[in-house]
Structures are given as C-alpha cells and as structure tokens.
Number of protein chains: 2
Amino acid sequence: MGSVDFVYPSMNDHQCAHRVAIPPPQPFFKSFKNSLKETFFPDDPLRQFKNKTPTRKFILGLQYFLPILEWAPRYSLQFLKADLIAGITIASLAIPQGISYAKLANLPPIIGLYSSFIPPLIYAMMGSSRDLAVGTIAVSSLLIASMLGEEVNATENPSLYLHLAFTATFFAGLLQASLGLLRLGFIVDFLSHATIVGYMAGAATIVCLQQLKGILGLDHFTNSTSIISVMRSVFTQTHEWRWESGVLGVVFLFFLLITKYFSKRRPKFFWISAMAPLASVIFGSLLVYLTHAEKHGVQVIGNLKKGLNPPSFGDFVFTSPYMSTAVKTGMITGIVALAEGVAVGRSFAMFKHYHIDGNKEMVAIGTMNIVGSCFSCYLTTGPFSRSAVNFNAGCKTAMSNVIMAIAVMFTLLFLTPLFHYTPLVVLSAIIMAAMLGLIDYEAAIHLWKVDKFDFVVCMGAYIGVVFASVEVGLVIAVAISLLRLLLFVARPRTFVLGNIPNSTIYRNVDQYPNTNNVPGVLILEIDAPIYFANSSYLRERISRWIDEEEDKLKSTGETGLQYVILDMSAVGNIDTSGTSMLEEVKKTTDRRGLKLVLANPGAEVMKKLNKSKFLENIGEDWIYLTVGEAVEACNHKLHTCKPDSTKEETQPLNNV
Amino acid sequence: MGSVDFVYPSMNDHQCAHRVAIPPPQPFFKSFKNSLKETFFPDDPLRQFKNKTPTRKFILGLQYFLPILEWAPRYSLQFLKADLIAGITIASLAIPQGISYAKLANLPPIIGLYSSFIPPLIYAMMGSSRDLAVGTIAVSSLLIASMLGEEVNATENPSLYLHLAFTATFFAGLLQASLGLLRLGFIVDFLSHATIVGYMAGAATIVCLQQLKGILGLDHFTNSTSIISVMRSVFTQTHEWRWESGVLGVVFLFFLLITKYFSKRRPKFFWISAMAPLASVIFGSLLVYLTHAEKHGVQVIGNLKKGLNPPSFGDFVFTSPYMSTAVKTGMITGIVALAEGVAVGRSFAMFKHYHIDGNKEMVAIGTMNIVGSCFSCYLTTGPFSRSAVNFNAGCKTAMSNVIMAIAVMFTLLFLTPLFHYTPLVVLSAIIMAAMLGLIDYEAAIHLWKVDKFDFVVCMGAYIGVVFASVEVGLVIAVAISLLRLLLFVARPRTFVLGNIPNSTIYRNVDQYPNTNNVPGVLILEIDAPIYFANSSYLRERISRWIDEEEDKLKSTGETGLQYVILDMSAVGNIDTSGTSMLEEVKKTTDRRGLKLVLANPGAEVMKKLNKSKFLENIGEDWIYLTVGEAVEACNHKLHTCKPDSTKEETQPLNNV
C-alpha cells in the first residue's frame, strides 16, 4: 500500500455530492406490523388468498390445511402405479425397521408396527411433501430409551414405561404443531447443518455401540448411552458373549452393507438395498426356525399380538413426577424429529422443484404424532433413509404412505406370527447398517476445509453425544453456534479502506493489497450492526486505529491525520448504546483536532441518528453517500482550507 | 421509482471492470491467533511493552498492575491540596451512606464504615481511574438482603448472615478479578445502557419503598422486594405508623432534596449537597439526644463498636447449603457492582480525556473486594453519586480515596459513640434522596423516541425488578437484549436497490425514492452475515423477491427478468449453511433462466466461497467489485447477446 503514488480521483469532473436521505417516517404501528410480518410470515403464506371470493377463500383454506384436497382430484392411474411400487418398497423397509427401532427405544416390537400404520395416513392428508415417507427414527428412539429410562425401568415396569412413551409422543406432537401454528418454525433453523452432521454421527456411533448387546447376545446392558459405560458393559461381560449370535450378526451386517454399497453404485437397483432388511428378516427367521437356534443362545422376538392399534388415549400419564419427564423427553425428541422431518421434506422439494412451507409441515408432523399417541404409536417423523428409498422408487404423491400403511395393516392383521422366530441379532444388524450411513465424515472434512468454526460446532456435538449423552451433545452444539452469532456482533471486524487505483472505489486494504491510502484521511469500515454488545469495543477499536495511524504517519513524517471516515455500508442497525458511542467518538476526534465523517449510513441507521440528534451534532454536511464522495470532499476542504499544503495541490492530475 | 426514464450510466466510457480479490491465504494458526487477540485483547494492552529492555519491561509491568507506582513519583503538593478537599468531602458522604446502605443490606451499621476503610486503600494502589470514589452501593446492598434473606434470617441468625455476606463478597471479588484476568470484561457490555436505565430505576423504586419501613417507624416488614408485598406490608400495619418518625423523615428528605436541587443548579456549590447527609445526621442525632425522641417511637442506631476492621477470613462459610447461596449472591451482586464501577470509571475518564483499561479495572475492583471480605467489609465498587461528588470536588488522583479512608479510620477509632443517637429515619431519608436521583425518566423517554426496542428492554428490566425481583428484572432485560441480537441475525433485512440518477451508485429504493430500477435486473442487498440461523429465511426471501418482481414485470408488460444481483457489501461473514444456501439459490435461478451475480463480497466471504467451490460454480466472471460494474456488465451482455432488444440499445445515451 504505497501512499506516494496517490492521485486524487475524479477531482476534475467536480460532481455534486449526493445527499444521504433520511427515509420517510413511518407510523410506529405500521413499521411494527411490517417487522412482525417479516419475522413470522417471511414466506407470505396468505398471498394466494388475496383478491379471492369468500367461497374460493374457504376452499383454498381447506386445501391449505389438507393438501390432499388439492392433489387428490388430479390423481391419475399413472400416479397410482408409481406410488404402489414405492409404497410396497418402503413397507418392506418399514416393517423390519419399525420393529428394530422399537426395540432400540425399549418398547414392545409391535409398537414399531403400529407406528407405521396410523401416522402415515394422517401425514398423507396433511403433509405437503410428495416424497417424505413416515416412520420412526433411531435417534429419537434412543433418546426415549435414555431419557425415560432414567425415571422408569422398562423391564421392571413395562406398562408405565410404555404409557410414558405415549405421553412423551403426545407432548412432542403438541410442541411440533404449536411451533408450526405460532409460526415459530425458525427455531429449527438454529440446529445448523454442522450441528446436525456432528449430532447424527454421534448418535449413529452410540446406536451402533448399543447394538453390540444384540450382536453379542448379552442379557444385561447399561442404560447409559455414553461410550465409556457401553464399552465397560461390553468388556466386563466377555464370558457372556455368544459366538452363534455374533457370527449371525456379522454375516447379516456384511450382507446389508454389500447390498447398500451395490445400490449406491447402481442407483437403478435401489430396490436391492431396500428389500435387503426384509430379506434378512425372512432368511434369519427361517434359519432359526429350522435350526432351533433360539435354544442355543440366539434371542428371538417371540410372540407378537395380532390386530390393529389399540387406542391409548386413556393411558396418558399426567401425574408427577412422571409427567415432567414425559414433557422433557417430548420436547427434546420432538425438536430433533422435527428438524429431521422438515429438512428431509425441504431437500426433496428442492430437488423436484416444488415449494414446502416449513410451518405447515410442522403442523402436519405434530398432528400425526398427537393422533398417533392416542393409538399406541410412538414418535414418528420423516426419516431420511426411508424417504430416499421412497424417492428412488419413484413415488409421485403422499399416496405411497397410504400404500405403506395398508401393507403394514395387512401385516398386523395376518402376518405377525411369522416374526416369532426373527432373531434379535438381525434387527441389530439392520440398525447398524442404517446407522453407519449416517456417519458423514466427508461432510466433516468439508466443514474443516471451509469453516473451522463450523467444524468445532460439529465436533462439539459429536463428542458431547458420544462421551456424555444425546441431550448434552445437542446443547453443546447449539450453545457454540449461538456463541458464534453473539461473537460476530460483540467483536465486529473493522477494516481500513484504501483507494483502488484509477477509480473512486474504496476497499479493504487486506483484501486488495494494491490499494493506495489517502494522505490525511483514515477510512474505516465497520462490519456489523452497532449494538450495546459491541459499542464499547468499537469505541476502543476506532481510537486504536487512529492511534496506530498517527504513530505510523509520525514515524514516516507524512501529512498528519485530518479526517476519519466511517463507512457505515455494512452497519445494518444501531441502538441507543450505538448512538452514544458515535457521540463519544465524535468528542474524541474533535478533541484530537480530527473531523469525523460518515459514509453511506443505511435507512435504519439514518432514522436512529436523526432521532438521537446525532445528525445535528455532526452536521449533515459531514455525511456522504459514498466513501468516494466523502474522500473527495475531505480533499477539497483539506486543500482549500490549509494553504500550507499547496505543494500537493499542484500535483498533476492527468496521470489517471 | 420509474423505470421509463432509465439511462444506462457510464456505458460510454467503457471502463474495465475490477476483479474481486480473494484475500491472500493465511496459515490457520496465524488467523486463529489474530481472532483470539481481537476477541480478548482488542485494546492491545501489551503495546507499550514492545521494544523495551527487560528492566524497563519489569517496571512497566509493575506499573501496569499497580498504577500508583506510575503516578506517585509525580505527585505534587498542588495535587494533595485538591485531593484533600475531595477526600474530606466524600468522607462526609461516605460515613452516613455507609451506615445507611449497611442497614439496607440488613448488616450491622458498623460494617458500612469498615467497607469505606480497607477497599479504598486497595483501590488507590491498583485502580487506574482518577475520579472513582470507592464505596458500597444501594442496589447490591438490597440484592444481598433479598438473596441471602431467602436462606438465612438476618434477625434470627445475625452472625451466620454476616458471615454469608463476607463469603458472598469474597466470591464476588473472585469473579470480578477472574473476569478481568481472563480478559472477559466484555461480558459487562451485555448489560446495555437501556438495561441499566430500567434496572436502576426499578431498584431505586423498590429501595425507596423499602424506606417506608424506616420513615413510618415500622418494626415488622416483608423480606420480599416486590412492590406488591411491600405495599401490603405498609398498609396492613397502618395502626403501627409513628407520626413522630414520619414527620422527621419528611423534613429531612425535603432538606436533602432541596440541597440537591440547589447544587445541581449551581455546580459551584456542589459541597452543599455533599455535606447535607452528614449535616442531617448531626442535626438529627442532636435533636434526638436533646428531645429523648428515642423513647417516643423514633428508632436510633444504638451502640457502635469502636476500633478498626477486625479480620474476617476465618468466618467464610464453605459448607452446603449456605455456600451455594453465597456463590449465587456473589455472582449476581458482583456483576452488577462491576458494571457500575466500570461504567463510572469509563465515563469520567472520557470526560477528563484519559484512558481506562476495563479489564484492569475489574482486577482492581475484584482484588479490593477479596481483601475487603477478609477484613469485615462487604461488597464495594465505584458508586456514581460518590464519584460525581469526588469529581466535582476537584480530585486529581486516587489519593482522594486514601484521604477518605483516613477520615473513616479516624471516625472508627474515636467518633463512633456519636452515632448512638442517630435516628434511623434520617438514614432512610438519605437513601431515598440518593435513590430518587437514579430514576432517569428522561433517559427512558429518549429511548422511546430513538429506539422502541431499547425502550422495551428498559421497561422489561423496570417491571421485572419492581414486580418480581432484582434478579428477575436483570434476567428479563438481558434475555430481551440477546433476543434482539439473535433476531437481527435470524431475520436480516433485504432491500431492492435502484440506481441514483446520473451516477453509478445503487441504493435502497425505500431510503432513496428517486432511484430508477434497471430493466431486466433485480438488485438485492443482504444486510447481515449469512449464517445457519438465517440461511433458510434468506433462501425463501430471495425467491419471494424474484416472484414479486416477475409478477410486477408481467403485470406492467415490461422486459422479463434476466439477472439477479446480490449486493454482498454488508455480508460480514458466511458459514457452511450460508454457502449451501447460495448454491441452492444458484440452482433456483438457473432453473428459472436467470443469471445470479454477486457484487462486492468481502474478504471473509470470498475466502469461504472459494474454499466451498462456489466460486468455481458461479464462475468468477459473475462476481463484480461494485453493483455499478455488475449492472454495466449485465446490460452489456443483455444487449449484445439478445438481438431482440435492439430497440433499447439505440436509446440515446447523451441525456446524462
């Protein structure tokens, strides 16, 4: 950055400087209404209702809450064919997964099947995603097991435990639906991508470790999910390991991973990996049935009740101390499930170019959980793996969920006895195979490369989940993410700007090392809103910039500093602490014989500066539309007011 | 905003567009070190140590921690004279206030005098403010009474209560000193000006209400500070009101307020209001002594022990459950006291043009409380009122604190018996007079005028303090303030930019209604960093802007949209969720046949975009240094690539 070859830009075509406008005043309630609308209705969901007749509005309103009314009339045989294939495919995945995840949640396996029957039907009516396949997810199942398990032992008091699970599901649904109705869906956005990557990988790790129980055929196991207690549980019981179970487990896991790998490389054969779990279940059951392996240490599911979901709304537990546990479990699992469901819906909508209203989806997911909890279902959402299979199988509408529900109903009515001999180790292998796909180390490497802070968030979530618990990991990741937002505001960046040669553009000298500084003028850019959290910092930082600049000028013997220009382009807003700070900076610069100049304050900032009388204080003549105009004005005044600097004034201007 | 009279700016002098630079790569640890330094050492306190000999560094280091070593050698008789006057003046305020505030904290009155002896001596050595006068403050005293009072009753178990107060002071000091040493002083900045205005006014209100006990001469009173229980306490005991006490109280309060008003109007007579409390005490004591009013319902202080501070480090309570109460009380009162002390120090330093290091001040205040707690002192800081008197009395250095301490020592050694007849009602009047000055309704009106959100924060603090408790008020105000920061990031503003006539400048069309839009080009400015918390919102909002613009163009039959320019000037940073969002926006615009163009991304943003391969994706040709250059390039391409728009190409360009 050399100041020697500096040439005053565009001094010759003496353009009139532009005035910075104070935006036209708005009545308080209008601006308040506008900001409420931007906060809660950013997608303007009521736009389609404008200028319509009341009947039309009513129909649109119904269609808004029940999207099935919108797509059903247009439903064709073509669609049905596609949805039939997709529905049967996801059913073949839903049945073994449902049983497995229910076991993971320490619930009776049949609950997993129930949960794949009612909720998909509700979602098919209310959901607006065409690709989301409804089902239970491993992380929530694990969370239910660990959080409810702290209060009630599932083996000692299974019916209370089961009722608590329904209650937690009910509260989860209530929370999800309320978030949607209150337009608070953006809370889910606070679970950043980095958080989810770390969190999912952590949950997958501990779920896999938990499966060691099933694969090694252990009877006793820790309730804790932390890696340390799980490892202790596994290695203190080496004498209880069952080799029959272990061999079966490894074989099935290998089979599932091979089919997965194959389907990944040849997307046309997606159905191979989709059918593999059911095939494993059938093959495993046959094997046990034929070899009587259940008598040689291979645990099996045992009797499953025939028949559809019994009602469970009479089972809710609303008495302390259990209710508070159920509420807490419901809140956390509800948010986690919601985040997955909304993200999955959004991703596929983006892919197929249709639009999804996140808040509406939340109402749909919440309602399906509320209704589900009344009919012996536990927490469901739109799992990524199952939805991806649905999408690959070519589903067209939410009808594929209905097909899946019908297939599950058929199973519940007639086929449950067939699961009697299904070995638990196959279920463990199914869970492990699903979980290994969730450890997305490539995403973690990408985070490290692009944004170190996001990587820290991701690792925070991972380590928290693996070494402490699923809740702790979530809290750590959200806390680090929020800390980052606060740090951004509390410690905004300030840059010195320099002139880009042969232009009136001024940019950060660190980013553009070939810029020239302007003699006698220090140009600072502030890169964040000026709020209470950073006003003290900015005051100190600005005076340090001035000190450093004066020191530098003194040491090189150049012209002393005359003007300090603050480029306010990136200052989105200012509060009263901020305006006081500017007043103090003004006082400091005045005392040092410097002139404070503002460039390009935005609408909000101008409003506040005007109201706080700072504009009167600084003088409207010292506020310019661009840094270029501010510098020009400073140079102009520098050379007309200070006759001792005529040497520079005579510098030729034609070498631009 | 008319698009008809739009003229392409500067198309004739076909300037070469500038390239947007990716900042030179920095090794990770260097940039990590830099950002740590900016976060924790923004004021660069070690700058003065650079390039010095080791001996000099040692001396500078000693002077850094004990500023007295710096100013004592230069101390002159002139200074001593000024400090002597100031010290005696503040001592005359410190003695009655010390006794009063100790009563407010339910501590023996003598503790108030002890607290004005040791801490000022420590501060005089370690503090860097020349104007701060050390003493106890009403808000912390009240907090101690209400928080410790929940655990231990001060009248039933006075010695445990006293020991808890010392323990709380010890932990407060520990917290304060650690915050300073760990350079975490910026935590105090999260108590915004608006919070402090509302909080102080609320605390002053409830402290005044508490004084009704003393003024009405009541024996029993509620421990709670909420306005409702205080009022109930006062009005259920009307039969216990003592008129003698009431009359005395009103007379003294009137006297104190009159002197205050007079001194405020004639700053030269500051000493009148400074001396008034002591005068009231002397006059009140004489009156009681002569009329034997203590036998007619006027409560008096009673016996005060002679002698200096006894050591108290053996009295700390480190056993549960008391210790956790002491720690909690210490944390909250410590932060509140610190905020006042640092703010007072900074304000006067600003006024007298010297510099204060906030973190160093915290270490000084913390040390004085740690040492104080070992010698029978409770929490002290730099109260605003006393420091203002000190400043007005013309103090020159922290020596005025030493003079005050000596005066208090003299009182402790010889004059305590004189306070035997001092009526409590005078103390109540002194507290009320001091508190009424803290209700700064003008500041609240200013907040309402300038920034409604700050007003809400202020009222939240006020109402929380008055109707719930001092802690609740603080938590409410901080929570609302943080919510504002989060909302700023979660719901950033986006603006449409238009061309300012006869220039290449593009600005917000709401702020500058005379701008012209550019046919076929939509220019959006994003006003916040793009983080996980807002990336979903921004994606939706950008596509809504595009929808709205296309609808508008369709309805007016103008040229269809061709380009979307995102002005990134105000985007200070971006995380991986943000880069994914930009990729999605790119996909959406591509699908709609629009071209996405970025203008002026900053250093951090360019770095991240480069690492995440978005730069390759969008193509470096579509990133411009200014919106003007981006528009120019779009227009150029629009007119050379699309032969059907030649009509516009021939439009004359000379009417600029």
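Note that Cβ sites are derived from N, Cα and C of the backbone, with glycine treated the same way.
Caution: TrEMBL annotation is automatic and unverified by curators.
For A:511-634, the entry in TrEMBL reads domain 'STAS'. The predicted model assigns the domain 'STAS' (A:511-634) a mean pLDDT of 89.
Per TrEMBL, the feature transmembrane segment maps to A:132-149 (among others). Within its own chain, the transmembrane segment (A:132-149) has Cβ neighbours under 8 Å at 90, 94, 97-98, 101-102, 104-107, 112, 115-116, 119-120, 123, 161, 164-165, 168, 199-200, 203-204, 206-207, 210, 223-225, 325-326, 328-329, 332-333, 336-337, 340-341, 344-345, 348, 368, 378-383, 386-387, 389-390, 395, 398, 400-401, 404, 431, 434-435, 469-471, counting only residues six or more beyond its boundaries.
Sequence annotations record features per position, and here TrEMBL assigns transmembrane segment to A:161-182 (among others). Long-range Cβ contacts of the transmembrane segment (A:161-182) within its own chain (Cβ-Cβ under 8 Å, at least 6 residues beyond either end) map to 40, 105-108, 111, 144, 147-148, 151-154, 188, 312, 315-318, 322-323, 325-327, 329-331, 333-335, 337-338, 358-374, 376-379.
Positions annotated as transmembrane segment by TrEMBL: A:194-212 (among others). Below 8 angstroms of C-beta separation, residues 104, 138-139, 142, 218, 221, 225-227, 230-231, 234, 339, 343, 428-429, 431-432, 435-441, 443-444, 447, 451, 454-455, 457-466, 470, 473-474, 477-478, 481 of the same chain, each at least six residues beyond the ends of the transmembrane segment (A:194-212), sit close to that stretch.
Taken from TrEMBL, the feature transmembrane segment covers A:241-262 (among others). Away from its own ends, the transmembrane segment (A:241-262) comes close to residues 214-218, 269, 272-273, 276-277, 280, 284, 287, 293, 296-299, 423, 425-426, 428-430, 432-433, 436-437 of its chain (Cβ-Cβ under 8 Å, at least six residues beyond either end).
Within the chain, the transmembrane segment (A:269-290) has long-range Cβ neighbours (under 8 A, six or more residues past its boundaries) at 89-90, 92-93, 95-97, 248, 252, 255-256, 259-260, 262-263, 298, 300, 389, 392-393, 418-423, 425-427, 429-430, 433. Residues or ranges marked as transmembrane segment by TrEMBL: A:269-290 (among others).
Annotation source TrEMBL lists transmembrane segment at A:331-351 (among others).
Among the features that TrEMBL reports, transmembrane segment is placed at A:363-381 (among others).
Summarising the annotation, TrEMBL assigns transmembrane segment to A:401-419 (among others). Sequence-distant contacts of the transmembrane segment (A:401-419) (same chain, at least 6 residues past either end, Cβ-Cβ under 8 Å): 83-84, 86-88, 90-92, 94-95, 98-99, 109-110, 113-114, 116-118, 120-121, 123-124, 127, 132-134, 281, 285, 301, 303-309.
TrEMBL lists A:424-441 (among others) with the feature transmembrane segment.
TrEMBL lists A:461-487 (among others) with the feature transmembrane segment. Beyond its flanks by at least six residues, the transmembrane segment (A:461-487) meets 139, 142-143, 146-147, 190-192, 194-195, 197-199, 201-203, 205-206, 224-228, 332, 336, 453, 533 of its own chain at Cβ-Cβ distances under 8 Å.
Within its own chain, the transmembrane segment (A:424-441) is flanked in space by residues 96-97, 99-101, 103-104, 138, 197, 200-201, 203-205, 207-208, 211, 213-215, 217, 245, 248-249, 252-253, 256-257, 260, 277, 280-281, 284, 298-301, 385, which lie at least six positions past its ends and keep a Cβ under 8 Å from the stretch. When Cβ-Cβ distances below 8 Å are used as the criterion, the transmembrane segment (A:363-381) is approached by residues 65, 102, 105, 107, 111, 114-120, 122-123, 126-128, 134-137, 140-141, 144, 165-170, 172-181, 309-313, 316, 333-334, 337-338, 340-342 of the same chain, each at least six residues removed from its ends. The helix, strand and coil residue counts that DSSP assigns across the domain 'STAS' (A:511-634) are 66 helix, 21 strand, 37 coil.
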